[in-house]
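Q: My structure is below; once you've seen it, I'll send some questions.
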Amino acid sequence: MQKSTNSDTSVETLNSTRQGTGAVQMRIKNANSHHDRLSQSKSMILTDVGKVTEPISRHRRNHSQHILKDVIPPLEQLMVEKEGYLQKAKIADGGKKLRKNWSTSWIVLSSRRIEFYKESKQQALSNMKTGHKPESVDLCGAHIEWAKEKSSRKNVFQITTVSGNEFLLQSDIDFIILDWFHAIKNAIDRLPKDSSCPSRNLELFKIQRSSSTELLSHYDSDIKEQKPEHRKSLMFRLHHSASDTSDKNRVKSRLKKFITRRPSLKTLQEKGLIKDQIFGSHLHKVCERENSTVPWFVKQCIEAVEKRGLDVDGIYRVSGNLATIQKLRFIVNQEEKLNLDDSQWEDIHVVTGALKMFFRELPEPLFPYSFFEQFVEAIKKQDNNTRIEAVKSLVQKLPPPNRDTMKVLFGHLTKIVAKASKNLMSTQSLGIVFGPTLLRAENETGNMAIHMVYQNQIAELMLSEYSKIFGSEED
């Protein structure tokens, strides 16, 4: 290979020491020291003789490009924390409301984003490898909350992003949706709340890149081709584009200040602008507000059922009208005056449905998560008396709101069982209805079927041996 005497560059040719390969690496070195400070050396690879890969653009790069490489890890390095199928509906895009349209999506949760795929798991993973870009949600600054009023479906929560996008996620299986809710909430809580969030820096990086490096590259290539009289117009466009970028950054900065200065939920609650709800609140918080160990709403529902529902066929098994149940739930959450003898609550299945919903929506079930394994171990004991004593001992260790509410509820359910000849609700039937609602593991690990058996058995034991576990109802 020959060197040109008129060229400013020298070419070093390195032959591969392995036989059978024709790869030759060429380095372009700049002989001009001043020009070397303004440009970068690039490498070209010869894959076959006579074939050269297209050289990388040699425009100058600004300093921010090198800094952000360390600030923003590549997306491929994000760890997948959870994945699976959920029902998804996008109800807002950039603050603009959209028509709700439910669809099944394969959802992938990483450390700071959620990605939605329309395909099956295998297709989704294939597309991820081939560079397919799914719809994604940036969790930095996002907000997650239960959204029962947004849909007639059960187990619905909403994710709202800082960009104004809103998504609803849903599953009919309680423990699955709870697991997803806690996983996403934990991911959001781990992310920074200010502009140091990597995902926000990524957005800024995109704006800076589009307005600086790419523009400079475009200018650098065009300036050589166009005539001198056109250079002034190019410089004007360059200055005008930089001005637009400055305006965008100014607006972005103001929006960021506005968002970060919003009052916290705790502040709004202290001022009375936002009230704690009954549904979806922790049991001990509801009892603290009411200065009681048994929620007022639970006692109201039990009183109504015992007054006019003990003989009703399928009581607690038959579902009431969901719209009416949601209406009752709304009234209770607004702390409005409630009279369950009113004609609009005439269907007793609406009252029982609302009571089951109250227990189902507790962030932590009536049997606390920390006691789950202990109750399971107790129910596994072979001797019946030993089993009863073990369960009784655990019940006595429960926090007062849990223990007292449990006593009132199961005392009420024993009255249902006493009328089983009329309402056809046996101990086993009530165990199936209330077991998974009152008792569940914090994190299911594939033993859902086994856990369900234990959940039902524990609820049945609490009913059949009520007097031995809690004492007489009058105690």
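Glycine residues also receive a Cβ, built from the backbone N, Cα and C atoms like all the rest.
Not my notes, these are from Swiss-Prot:
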COMPBIAS  1-22  compositional bias 'Polar residues'
DOMAIN    79-189  domain 'PH'
DOMAIN    281-470  domain 'Rho-GAP'
REGION    1-23  region 'Disordered'
SITE      Arg317  site 'Arginine finger'
Q: Just to be sure I understand the packing, how many Cβ atoms besides its own are within 10 Å of the Cβ of Arg317 (site 'Arginine finger')?
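A: So the number of other Cβ atoms within 10 Å of Arg317 (site 'Arginine finger') is 15.
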Q: Which of the three DSSP-derived classes (helix, strand, coil) applies to Arg317 (site 'Arginine finger')?
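A: In the DSSP reduction, Arg317 (site 'Arginine finger') maps to coil.
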Q: Could you count the residues of the domain 'PH' (79-189) that DSSP puts in helix, in strand and in coil?
A: 28 helix, 47 strand, 36 coil
Q: State the mean pLDDT for the domain 'PH' (79-189).
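A: It averages 84.
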